[in-house]
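Asks: What TrEMBL shows for this protein is this:
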ACT_SITE  H136  active site, proton acceptor
BINDING   D137, G142, D144, S146, E161  Ca(2+) 1 binding site
BINDING   H265  heme b binding site
BINDING   D323, D348  Ca(2+) 2 binding site
SIGNAL    1-25  signal peptide
Amino acid sequence: MLIGMKAWIFAVILMLSLFISFTNPRGESHKGGFTLSFTTTQDFDDDGDDPLISLRDSDSDSDPDSIPDVAFASYSDAVQDFDSEKMTATSTASGLVYDFYRNTCPDAERIVRSSMAQLYSQHKNVSANILRLFFHDCFIQGCDASVLLDDSFGNKSQRIEKQAIPNKTLKGFDKVDHIKEELEKVCPGVVSCADILSLATRDGIVLAGGPFYPVFTGRKDSVRSYYSEALAEIPRPDDNITQTLHLFSLRGFNERETVSLLGAHNIGKISCEFIENRLRNFKGTGQADPSIAPDFLKEMRRNCGNGDSTSDVGSPSPMPSKDISESEFGMSYFEQLSSSMSSGSSFDTHYYRSLLKGRGLLFADQQLMADEKTARLVRAYASDDGSTFRRDFAWAMLKMSNLNVLTGTQGQIRLNCSLPLVQSLLNRSPQH
């Protein structure tokens, strides 16, 4: 009995020691950061066996339901389950807390959740669009809603993130605006656009069949947009594995976290705009990527037409249009590539199984098989039943959502997500 009690206490202490340590991965003093500690690729067996499978088995006794797969009907229970086993309500991430708006706007998270459910019922690709918008925001100077701005410091002549080439095909700005408008009706000037984007992303993932994870709130919105950084630092679809890992490592993500985050390509379509060069002018050679199997090359060309299929993917103007068509030409790992694979959800391991077959849509995706560590991760996720990937993805998304946030007296709460607060107030002032 005594031995059993000691073993239980040791297990609890071990889980706590692996829990969350809050730090700024860039060492910046003006923004909050976040670091998660759990098994990395360095912990794999020396005999070369695929990782993760043993990790899932060893975790199953102590923590079988750390990330519940939930429908919104059981949302409250899922929050309680995750919170009670992994964290407390007083946990903070450099100023972020769980349920930050419980006193100032108690219905904030419910409004975001119901708004996303309504949007998802109308446009299933809203989950992927919001997720990509969130990633492009957090990857550049942190999750501060800077990607949503139409001007920087109130200066409309200064270039903004929306104008950077990697962001010209972003969608979902109007959806964030819609949610903000709903919140302003109930709690004017209370909920930040950065929190809205983080919450909407999580809710969209759950709606698409992905895992639930808690979102800490209390973010503030940036007054500045970072055009140069967005132009240079957002991962490109034609990046090799070294470039991809480098960009993620600069933000504190290791190989395992990077590979799990790229699993977000499970949902939504990959626009033909990002595939086109690989099919006809790879690296400027005027030829297709030689690594693509001939039969798969034909399939990709058939889906992406003759190069004129991207007219509705992004706006050719300096600013992306807010009313870009919801439909687009492209390919999906689930619909286009996995029709012969049995899968109970679009948010599954079919992305990794496709890479094993050499059927990665993006060059950067298929490059995960070009590095020994990332290839082992791909094989492990592909052979898993999905539970390990979903757990890893949820934890990596939790980490991403707390990346370099503004809190407290930093930043502001915008009234309009596309404009800094001062500009919003000027626009609302009476005209004389």
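Cβ atoms are placed via backbone N, Cα and C, with glycine included.
TrEMBL: automatically predicted annotations, no manual curation.
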Asks: Residues other than D137, G142, D144, S146, E161 within 8 Å, Cβ to Cβ centroid, of the Ca(2+) 1 site?
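Replies: These residues sit around the Ca(2+) 1 site: C138, I140, Q141, C143, A145, V147, A194, S222, S225, Y226.
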Asks: What is the interatomic distance between the Cα atoms of E161 (Ca(2+) 1 binding site) and H136 (active site, proton acceptor), given in whole Å?
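Replies: About 9 Å separates the two Cα atoms.
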Asks: Cα-Cα separation of D348 (Ca(2+) 2 binding site) and the residue listed as 'heme b binding site', in Å?
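Replies: Roughly 10 Å, rounded to the nearest whole number.
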Asks: Would you mind reading off the Cα separation of G142 (Ca(2+) 1 binding site) from H136 (active site, proton acceptor), to the nearest angstrom?
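Replies: Here the two Cα atoms are 9 Å apart.
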Asks: What is the interatomic distance between the Cα atoms of H265 (heme b binding site) and D144 (Ca(2+) 1 binding site), given in whole Å?
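Replies: Approximately 23 Å lies between the Cα of H265 (heme b binding site) and that of D144 (Ca(2+) 1 binding site).
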Asks: Around D144 (Ca(2+) 1 binding site), how many other CB atoms lie within 10 A of its CB?
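Replies: I count 30 other Cβ atoms within 10 Å of it.
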Asks: Per DSSP, D137 (Ca(2+) 1 binding site) is which: helix, strand or coil?
Replies: helix
Asks: Among the binding-site residues listed here, D137, G142, S146, E161, D348, whose Cβ has the fewest other Cβ atoms inside 10 Å?
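Replies: With the binding-site residues D137, G142, S146, E161, D348, fewest surrounding Cβ atoms within 10 Å: D348.
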Asks: What Cα-Cα separation, expressed in whole Å, is found between D144 (Ca(2+) 1 binding site) and H136 (active site, proton acceptor)?
Replies: 11
